[in-house]
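Undergrad: Can you read through this structure? Questions will come right after.
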Amino acid sequence: MILLVNLFVLLSVVCVLLNLAGFILGCQGAQFVSSVPRCDLVDLGEGKICFCCEEFQPAKCTDKENALKLFPVQPCSAVHLLLKKVLFALCALNALTTTVCLVAAALRYLQIFATRRSCIDESQISAEEAEDHGRIPDPDDFVPPVPPPSYFATFYSCTPRMNRRMVGPDVIPLPHIYGARIKGVEVFCPLDPPPPYEAVVSQMDQEQGSSFQMSEGSEAAVIPLDLGCTQVTQDGDIPNIPAEENASTSTPSSTLVRPIRSRRALPPLRTRSKSDPVLHPSEERAAPVLSCEAATQTERRLDLAAVTLRRGLRSRASRCRPRSLIDYKSYMDTKLLVARFLEQSSCTMTPDIHELVENIKSVLKSDEEHMEEAITSASFLEQIMAPLQPSTSRAHKLPSRRQPGLLHLQSCGDLHTFTPAGRPRAERRPRRVEAERPHSLIGVIRETVL
């Protein structure tokens, strides 16, 4: 870079000097031609020439330095005038060239000086920064950075606006329960669907569980069979349970569950279609094998035949029936959330939120009606069969299609699909009913309908 700068400086100086010399010489020649007033044609021995002299008489122009000789291509006056014009043009052109060279050199020098000055300033600034880094920063001069935007703003931007402080930490908000679109209000569904029914049944086929026997007599006590199954009192009140547990039907308070000493392996399951329950045939006539759901739904007296319950080795999630779209925990959370909404004035709600609350309220009412209907039917059948005292020796094995074995339903809503329409027929045949009485609430209702 320095070599190029030096070369430019040298060329600029040479160009300016040459143009200046040409300007000076051109001006001198033009001045000399202008000083010669006239030119005469003189015949010399070699030929004719135009002889120009300062004097009016050519004889007096003996000095060659003061005389101008021109070849007569044209008349002498025309040649003299043309030479004069050429010299003046050359002088003006040299002057213009000298000016351009001076301006170009000056601009280049200014640019070089400005660049060097900026470099000097930068070096000074860097030195000052180094000195600043060496000093300890003042805490008062610190400016905190702007916090980044919330990562969850886009997730809640499409969901209905609600005051999240009014909802407890154990309450599931509405968008996570109902996956639908109500008047342009977009809500979300749970990301993890329940496992398929066939996968649960196929996994249960590969396991063998221990046995439990429901004995007769003794005081009223209930031992929980599994974490996935809970009891429901006869009055129809459903206790609060964790989100992982599923609700079952009622168990009488006079039932006692005791572990049996002898254990045996259970036969493999027989898989049927989705619309038909999966039945586990029992090898003993007086002790049919029941699942966790069927055992908790059984309403029997202490003096009936013993019921053997199977307790598996798998986790609690796969022992109970597959979960429905809205499980009991979400159901209770929704009731609590709707109750909190109803505590507020309807004037403060938007029309969309008000209509959403009304829709959920109607759904909850329908579910309560179905649950109350099932509990009422079970209580009614229990009152009918209470006076009956069946003997364990009279129990016999039912056909495979009518045997009340392990019942796995598609959802909790299957309870209200059975109605006690055959109650008079059950009253007309009390002895046969007590001999063939099934061991689950759903089996009782189904047998009554048939």
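Cβ atoms here come from the backbone N, Cα and C positions, even for glycine.
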Undergrad: Out of Lys274, Lys397, which one does Swiss-Prot list as ubiquitin cross-link?
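TA: Looking at Swiss-Prot, the ubiquitin cross-link feature maps to Lys274.
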Undergrad: Have a look at Lys69, Lys329, Lys335 and find the one that Swiss-Prot tags as ubiquitin cross-link.
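TA: Matching Lys69, Lys329, Lys335 against Swiss-Prot annotations yields Lys329.
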Undergrad: So which of Lys60, Lys365 shows up as ubiquitin cross-link in Swiss-Prot?
TA: Lys365
Undergrad: Look through Ser215, Ser254, Ser275 and state which residue has the annotation phosphoserine in Swiss-Prot.
TA: Ser275
Undergrad: So if I draw a 10 Å sphere around the Cβ of Lys365 (ubiquitin cross-link), how many other Cβ atoms end up inside it?
TA: 10
